[in-house]
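The structure appears right after this line, and notes come after that.
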Amino acid sequence: MSEASLSTYYTTIYPTKCPPDPRFLVSKEGLAFCCQIIGFISLPMHFFTGYCILMKTPATMKHVKLSLVNLNIWYIISQVIVSFFITSYNFYPSLASFSVGYATALNFPTVVQICILYTINDAVHVSITLLFEIRSSLILKNRFRISSSRGRGYWLAGNFFGTVFITSPVFFNLADQNAEKMKILEAIPCPSKEFFLEPITVFATSGAWNTYLLISRSLKSIYMLQIIFFTSCCIYYLVIVKTDQVSAQTRRIQARSFYGLIIQTLIPAAFTLIPSVLISSRSAPDQLVNNLVSISYAVHIVVGSLAILLVHHPYRLFIKSIFVKSKESVIVPVVSTSMFKVIK
């Protein structure tokens, strides 16, 4: 399919069939503006979270301090990339997108930008999974615990590079872009004008590549399977099986930390799951909803950092100490009026 066919569709069919969409958030400028505002507001919060982790983490949390620092660093990197450099403008439900960030202005190919975005997303997922692994391995009775730093290093490398290699072939096998765009127009006849004017990248979904995408997505769910496994270990050894070798206070502290980790993970996850459910429940695609998904993804990153502060008790106490000052008793001097009496 030639580029002329796509151009002909845009100049002849599109104006008569598709009325202009004046909504600001549908435009690439609206999406970029919202994500940049979120980025400017979020970065100070990320740095404050990093300060709390580095300076206010008590000795009882020393085993998870480095993993929290690691997660915070990847949150910061992800926020900068998503809010400023690679803000993804997606045409759901098709696998077509482009970036409205600064990386496009710097002439980075769209496929390279998407590859970078996927890689950073994988790093965040591995960092979250690492928190569950460490929480599980801190239980000495856990027969599945990773007890050595070398073993944990192999585990981290396998998780990160394994998922990156799984999805890499997709980025190096792009189909005929104009032909794929015409196929998308059959299902979505009235996309936003950016579909025709911007450097859209469409991933191959036909034939064997459709099967490969399904398999690769299934394999990427290994993050969730590992989290479920580590969670099961924690529940089994902290709640179901109780041993006299661990004091009740220690078990209570470990259980509280585990429950906090669950909440810390679920809070930001809700900001991505809810929009995804909203998209899947709609009968017709809406670019406004698509862009709201990208905005919610930018929001969920900073929500992840705030969840660290709100879930862990030492950080909550520090925040409270900033805003709530202890009341100081004010001494008001009392002067006797007898000193001012005039003796007649």
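For all residues, glycine too, the Cβ spot is worked out from N, Cα and C.
Per Swiss-Prot, the features are:
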- 30-50: transmembrane segment (TRANSMEM)
- 66-86: transmembrane segment (TRANSMEM)
- 110-132: transmembrane segment (TRANSMEM)
- 155-175: transmembrane segment (TRANSMEM)
- 221-241: transmembrane segment (TRANSMEM)
- 259-279: transmembrane segment (TRANSMEM)
- 292-312: transmembrane segment (TRANSMEM)
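At the 8 Å Cβ cutoff, the transmembrane segment (66-86) and the transmembrane segment (259-279) share fewer than 3 close pairs (sequence separation 6 or more) and do not count as touching. With pairs at least 6 apart in sequence, the transmembrane segment (292-312) and the transmembrane segment (30-50) have 3 or more Cβ pairs within the 8 Å limit; the two touch. Sequence-distant contacts of the transmembrane segment (292-312), counting only residues of its own chain at least 6 positions beyond either end whose CB sits under 8 Å from a CB of the stretch, comprise 25, 31, 34-35, 38-39, 41-42, 45-46, 48-49, 52-53, 61, 68, 71-72, 75, 78-79, 82-83, 87-90, 92, 260-261, 263-265, 267-269, 271-272, 274-276, 279, 319. Within the chain carrying the transmembrane segment (259-279), a Cβ under 8 angstroms from the stretch's Cβ atoms is held by residues 92-93, 128, 131-132, 135, 227, 231, 289-290, 292-293, 296-297, 299-301, 303-304, 307-308, 311-312, all 6 or more beyond its ends.
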